[in-house]
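Here the structure comes first, spelled out in structure tokens, and everything after it is commentary.
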Amino acid sequence: MPIGNVYVIAAIAIVGGGLFGFDISSMSAILGTPQYKCYFNQGPPTTDPGQCQGPRASVQGGITASMAGGSWLAALCSGFISDIFGRKKAIMFGAIVWVIGSIIVSASQNIGMLIVGRIINGFCVGICSAQVPVYISELAPPSKRGRLVGAQQWAITWGILIMFYISYGCSFINGTAAFRLPWALQMIPAILLFIGMYFLPESPRWLARKDRWEDCHTVLTLVHGKGDPNSPFVAKELQDIKDMCEFERNNADASFLELFKPNMINRTHIGVFTQIWSQLTGMNVMMYYITYVFAMAGLTGNNLLVSSSIQYVINVFMTIPALLYVDHWGRRPTLLVGALLMMTWMFANGGLLKSYGHYAGPQGVNNTPEASWSISGPPSKAVIACSYLFVASYAPTWGPVSWIYPPELYPLRIRGKAVALSTSANWAFNFALGYFVPPAFVNIKWETYILFGVFLFAMFVHVYFAFPETAGKTLEEVEFMFTDPLGPKYIGTIPWKTKIVTQKALLLERGELDEEKAVQFGHEEDAERSASESREQNVKA
């Protein structure tokens with residue numbers, strides 16, 4: 001008998017996101033250790049471990065970015081895998097791929113083998129990061145969808161934290177076991193994910209797409225009806241899915257090309273840019289290369305690693321408020337506030353480094369060329385504080401919402417492929433930034449922070465004018481919002497006029513809101529929107 005509790009389902013599925021977190025800190029915690037630097041050293045030969053420079057900046061960027069390169073390709077392919085074999089089997093396949101990649105990475109004899117292993121690991125992360133949010137969003141009730149899909153980000157933060165401390169503990173081991181052991185331990189959560197997914201149900205919407213209506217009804221009864229096949233909410237959701245499937249069969253075929261047709265291009269651009277902007281916040285840069293940043297601020301040795309780990313603790317615990325309240329806060333306000341706060345901390349760090357720091361020379365701080373700018377005294381403490389505040393601003397905002405939002409935007413027939421495309425944009429930019437940042441720290445130094453601050457300003461403006469609210473709406477209601485005849489053609493309801501309707505969703509799920517009152521909710525929203533548009537037209541006249 002499959003598991004029917006949505007929280008247990010999400011807890012197992014999001015382990016796929018945790019694998020991404022494991023990868024982030026398995027690199028960030030290790031790339032500064034002498035064992036890693038000396039084994040993969042490309043600087044002058046030396047017998048002193050403290051003098052090993054490790055891979056060149058551009059090569060280290062390539063090592064870090066190789067996983068994102070594999071993720072980009074796999075994310076694109078994951079839509080086809082998911083649509084053909086199902087969301088559940090796609091995630092299980094990703095877990096198998098991760099084990100293979102981890103074996104190669106932990107056995108790496110040279111940089112080339114390390115890169116190949118990380119690319120294969122990236123295949124898994126690309127599949128899971130694209131399809132876990134789709135799987136959970138298609139199973140979750142509307143009032144809890146944000147919380148459950150956002151839990152993927154929480155799993156990522158836990159993966160980062162756990163793997164960092166494992167890597168930190170292993171850093172005291174002499175020899176290559178210092179990095180081989182943590183890289184090998186990454187296999188354990190993937191094995192657990194594969195086993196756990198076996199006991200979970202398939203997505204009811206994917207089953208409906210395959211005309212397996214009896215199975216679809218069974219899953220809805222299990223997950224949403226608490227075993228009652230006659231539950232009003234189950235009946236309503238099943239009918240909504242039937243109506244949407246019938247409409248989709250009569251109107252279009254599912255293909256990537258459909259994402260670029262006039263009636264879909266607006267949604268495609270929103271989903272893609274949600275993931276692009278989440279990378280251009282600079283957060284993953286902070287995750288991968290925080291040891292460079294704190295080295296510039298004068299931290300060394302164990303102090304450097306322990307201080308770096310504090311941001312991972314902040315990341316875990318500051319994600320919790322979003323999981324509890326994101327369905328009440330809404331998507332738009334959360335993204336806008338996050339962009340504004342992160343922009344403040346990025347500009348503050350750039351200003352502090354420019355005003356109080358100085359060039360550290362071609363060898364950088366502590367023989368690390370990427371740590372090209374040195375700052376000390378109280379201003380260095382301010383840089384560390386702003387870095388922590390940046391993480392605390394990202395964790396409850398763009399972190400979870402960038403995974404919650406894209407699966408909510410698209411109709412069922414293309415959801416798998418659409419989310420795969422948007423997630424592939426995430427990995428394309430993750431790859432570009434992973435490769436770009438080490439040379440950027442070497443060449444443009446403190447201006448790197450200013451660059452990300454400008455990106456954050458741009459995303460604030462873009463979100464305000466283009467991103468509609470989806471909180472509390474069923475996936476079928478979101479479809480109506482984008483096709484609203486009262487709004488501009490191909491856009492639907494104007495983004496800044498969209499509302500949060502979580503309260504309505506809660507009442508429906510509890511059976512406290514009948515169809516007549518539900519329709520009244522909709523009529524009130526339409527009337528309010530029509531009145532607003534009439535006022536605007538009168539002002540223009």
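Don't overthink the numbers, they just go from 1 along the chain as shown.
Every residue gets a Cβ built from N, Cα and C, even glycine.
Annotated features in TrEMBL:
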TRANSMEM  6-31  transmembrane segment
DOMAIN    9-471  domain 'Major facilitator superfamily (MFS) profile'
TRANSMEM  90-109  transmembrane segment
TRANSMEM  115-136  transmembrane segment
TRANSMEM  148-168  transmembrane segment
TRANSMEM  180-200  transmembrane segment
TRANSMEM  285-304  transmembrane segment
TRANSMEM  310-326  transmembrane segment
TRANSMEM  333-353  transmembrane segment
TRANSMEM  382-406  transmembrane segment
TRANSMEM  418-437  transmembrane segment
TRANSMEM  449-467  transmembrane segment
REGION    518-541  region 'Disordered'
Contact check, the transmembrane segment (418-437) vs the transmembrane segment (285-304), 3+ Cβ pairs under 8 Å, seq sep 6+:
yes
Count, for each of 6-31, 180-200, 285-304, 310-326, 382-406, the Cβ pairs lying under 8 Å from the transmembrane segment (90-109), and report the range with the highest count.
180-200
Any idea what the model's mean pLDDT is for the domain 'Major facilitator superfamily (MFS) profile' (9-471)?
88
Please identify the stretch among 115-136, 148-168, 180-200, 285-304, 333-353 with the greatest number of Cβ pairs below 8 Å relative to the transmembrane segment (6-31).
148-168
As a test: from 148-168, 285-304, 333-353, pick the stretch that has the greatest number of Cβ pairs under 8 Å with the transmembrane segment (115-136).
148-168
Which residues, given as numbers and ranges, are at least 6 beyond the ends of the transmembrane segment (148-168) yet have a Cβ under 8 Å from it?
6-7, 10-11, 14-26, 28-30, 129, 132-133, 136-137, 140, 179, 182, 185-186, 189, 287, 305-306, 308-309, 312-313, 315-316, 319-320, 322-323, 326, 395, 399-404, 407
